[in-house]
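Q: This is the structure, below, for whatever I ask next.
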Amino acid sequence: MMGLVAALGVISPFPFYYWLWNWPQSWVHLCGKERDPSKVMAHVAHFLKLLQFISLFSVSQFYWPPPLYFWPIFAFGQFLNFRVYQLLGEAGTYYGVRFGKTIPWVTEFPFGVIQDPQYVGSIMSLLACLCWVPFQYILLWVLGYVFMIHVESKEDQSTRAKPLH
């Protein structure tokens with residue numbers, strides 16, 4: 001039973017992201033005029049990420065020190081995530097373009113070198129944790145990211161949200 005709960009926790013954010021990507025106007029309306037939809041999405045995403053981590057911790061077995069492969073894979077994955085956030089900011093990271101915001105086009109590394117660097121970084125960080133977390137939970141989370149890469153690869157610009165005034 002605990003394994004099923006952990007699996008549900010691992011996949012919990014992906015239906016939310018799918019909904020936001022495909023129907024951003026509904027999120028803008030839900031947030032209202034006073035709240036920034038990207039900022040609200042960031043808060044919800046952080047809560048869902050916390051649920052994912054709690055789910056993984058509940059099925060993990062930790063020991064110290066981790067294998068040597070952990071450090072470079074985890075560090076580069078986190079570097080990619082930090083760099084994406086540094087270049088795009090909160091609005092760029094949390095679907096700002098889908099909520100009607102103008103996000104500047106970025107060509108600095110890792111963009112233009114690595115496709116979907118935020119997901120690649122997250123997947124690398126997860127793979128580094130295979131020493132502690134059972135494979136099926138890491139695989140489930142990675143499949144969620146692969147699903148979102150696929151979803152986000154097809155944007156219909158006509159479905160972008162219009163800001164509320």
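Cβ coordinates come from backbone N, Cα and C, glycine included.
According to TrEMBL, the protein has these features:
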- 6-23: transmembrane segment (TRANSMEM)
- 44-64: transmembrane segment (TRANSMEM)
- Ala75, Phe76, Gly77, Glu155, Asp156: S-adenosyl-L-methionine binding site (BINDING)
- 119-147: transmembrane segment (TRANSMEM)
- 154-165: topological domain 'Cytoplasmic' (TOPO_DOM)
Q: Taking every residue in the topological domain 'Cytoplasmic' (154-165), what is their average pLDDT?
A: 82
Q: Given the S-adenosyl-L-methionine binding site residues Ala75, Phe76, Gly77, Glu155, Asp156 in the record, what is the largest Cα to Cα distance, rounded to whole Å?
A: 34
Q: Please work out the number of neighbouring Cβ atoms within 10 Å of the Cβ of Glu155 (S-adenosyl-L-methionine binding site), leaving out its own Cβ.
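A: Here the count is 13.
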Q: By the count of other Cβ atoms within 10 Å, pick out the sparsest of the binding-site residues Ala75, Phe76, Gly77.
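A: Result for the binding-site residues Ala75, Phe76, Gly77: minimum number of other Cβ atoms within 10 Å at Ala75.
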Q: Which residue counts does DSSP yield for the topological domain 'Cytoplasmic' (154-165) in the helix, strand and coil classes, in that order?
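A: Looking at the topological domain 'Cytoplasmic' (154-165) with DSSP, the answer is 3 helix, 0 strand, 9 coil.
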Q: By a Cβ-Cβ criterion of under 8 Å, what residues six or more beyond either terminus of the topological domain 'Cytoplasmic' (154-165) are in contact with it?
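A: Same-chain residues near the topological domain 'Cytoplasmic' (154-165) but 6 or more away: 22-25, 27-29, 32-33, 37, 97-101.
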